[in-house]
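Worksheet: the structure to be examined is printed underneath.
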């Protein structure tokens, strides 16, 4: 939703480990607050699919099994944000490292950061229970959305598979890597008094379809002073736990 020049534009970041429900929560927040949702993963895939200069560059690192460098991800995200200068937005998946957070902070005043603090054991159970039908992409979860017959797709009768990323040993590695990579980012935002809402929840449904809980994340915004610049910085309420 575009906003008038006098309206306060919200710049928000959401963080959470793979399997924390970040995508679900993001969609609910952006729906209820009319924010633009910018997912770095979706943005990356789109650029690679279209064969843009930065997409081709990113693909070379992925094909070599390497992490995409901070400067490449930063260029990608900041370039896209230039198209959203008249909108409030929620960043999902960026920043993921301290250099990315610092680069973002130089370009924009980030108002609030939401961290989905879901216990790793819960995420592990959630991800390792996931099975897919490769031809259609249908996803099953043996705990809350199981197939009618174990290991079989409901519609085709074809076998289901578990992605390598969802196998227990891989999930553990991914979660540990996420923790090492993002902990400095969380500490950075805590120091900036921007990490305003931490959520400890085992079910994303606790965040409410009607947006009431989400309002606790983003409203009200008592003014804070940005470090040394005497500009209003927004900070949401205390940490929310379930």
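Using N, Cα and C of the backbone, Cβ positions are placed for all residues, glycine too.
What TrEMBL says about this one:
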BINDING   19, 20, 21, 22, 23, 24, 130, 139, 140  GTP binding site
BINDING   40, 45, 66, 67, 68, 93, 94, 95, 96, 100, 163, 174  AMP binding site
DOMAIN    130-165  domain 'Adenylate kinase active site lid'
REGION    39-68  region 'NMPbind'
REGION    129-166  region 'LID'
Note down the number of other Cβ atoms within 10 Å of the Cβ of residue 130 (GTP binding site), including every protein chain shown.
19
Spatially closest candidate among 19, 130, 140, the listed binding-site residues, to residue 96 (AMP binding site) (Cα to Cα)
19
Within a 10 Å radius of its Cβ, which of these binding-site residues (94, 140) has the fewest neighbouring Cβ atoms?
140
Cβ neighbours of residue 96 (AMP binding site) where a neighbour is any other Cβ within 10 Å:
18
Return the residues near residue 68 (AMP binding site), defined as same-chain residues 6+ apart in sequence whose C-beta is under 8 angstroms from its C-beta, sorted by sequence, else 'none'.
44, 58, 61, 62
Please find, for 19, 20, 21, 22, 23, 24, 130, 139, 140 as listed binding GTP, the greatest distance between any two Cα atoms, in Å.
18
For residue 163 (AMP binding site): intrachain residues, at least 6 apart, with Cβ closer than 8 Å:
130, 132
When you measure from the Cβ of residue 21 (GTP binding site), how many other Cβ atoms are you left with inside 10 Å?
23
